[in-house]
Amino acid sequence: MSSTALYTVPTAGPDDVAALKALDGHSASDILAVIGKTEGNGCVNDFSRTLSAAVWHPLLEDSAITVFSGGAEGVISPHVNIFVRDERQYSGHPRGLVTAVGRTRVIGPEEIGRPAQVDAVHETVVALLTELGVGPDDVHLVLIKCPLLSSDAIAGVHRRGLRPVTTDTYESMSRSRAASALGIAMALKECDRDRALLALEGRDDVWSARASASSGAELDDCHILVVAESDAAANPLRAAHTAMRDALDIQALTEVFDRIAAEGGTVRQIFAKAEADPSGAIRGYRHTMLTDSDVNATRHARAAVGGLIAALHGNGAVYVSGGAEHQGPSGGGSVTVIYDVPATANATGEASR
């Protein structure tokens, strides 16, 4: 179990590691996870993610993970969120935020987007909950970086006489996110395996407000971060989660922000998923995110939701990731808010729902 501190630091580019100097006395050996937004396109050929991973990994312990989400469209500002191990006991805080990180086994290209990936994610998340000593109800965020299918990987699957889940590299990002999110839902007991596999086939509606998955070409396993609250920790950090029902759902956000304010809390960071409503309309009005041949729909969605969340937060260094398959209701997205409370405030995490 790792009691946690969080530092959100702007970056000057994908290769910027200056955040190591902004950890309030913590060192690189204390880092559990680096979760960043980079200014690439967020698509298959976004090498800003690869660059960030390449410069950060040699600086971290082998047990630490990185998750870099490409796409800083609109007002989203590139940054890193660094979760560090903080075993200090803060008086006046009967509980606090805890995190655990891990990796699945290597996901074979023929397994991406399929039940094997769902199962691998489920098994790893369950193991991380056990490590933390928490139950599913204590968890506010499970954030995953998962692999995609490159052209070479697809060709290799065919050479072995197998079939990939898709031959479209961009679609493989969606399929991988979907399988990862359903593995999370299983681990948090939001569905059983039968329902998860039906949802994977598009025959059931399963989603989690605590799942956040993004995919990339820079890894062949899944990097996983679990964020929960625990009575075994004593720090000022808390978390709350909700789901936006669509890209305009400011009410879902303000309700959480208001409850945090009622606790005397201060918002530290927002982790959100966003997608273009697959129906082609939002609240009865047609949108063109899915029919724009110049800009991918995930980029439109990040810009729209990123602007909404940044306006509420007061700055653009917010973690908004595109593609919300099974991560919130269709057309919406999961949201987790991490905040801190003063020692004299109600520290029971009542903002959560």
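Any Cβ shown, glycine's included, is placed from N, Cα and C.
On a predicted model such as this, the values are computed, not experimentally measured, just so you know.
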According to Swiss-Prot, which candidate in R49, R88, R195, R283 joins S69, G70, R177, S214, S215, R302, S321, G322 at the substrate site: R49
Residue pair S214 (active site, nucleophile), R302 (substrate binding site) - Cα distance, angstrom, rounded: 12
C-alpha spacing of T298 (site 'Important for substrate specificity') relative to G322 (substrate binding site), in angstrom: 5
R49, S69, G70, R177, S214, S215, R302, S321, G322 excluded, remaining Cβ within 8 Å of their centroid (substrate): G42, G71, M173, G216, T298, G323
Same-chain residues at least 6 apart in sequence whose Cβ lies under 8 Å from R302 (substrate binding site): G42, G71, E73, G74, I76, A274, V320, S321, G322
For R49 (substrate binding site): intrachain residues, at least 6 apart, with Cβ closer than 8 Å: P14, T38, G40, F68, S69, G70, G216, A217, E218
For T298 (site 'Important for substrate specificity'), nearby residues of its own chain (Cβ under 8 Å, 6 or more apart in sequence): G42, C43, G71, A274, E275, A276, G322, G323
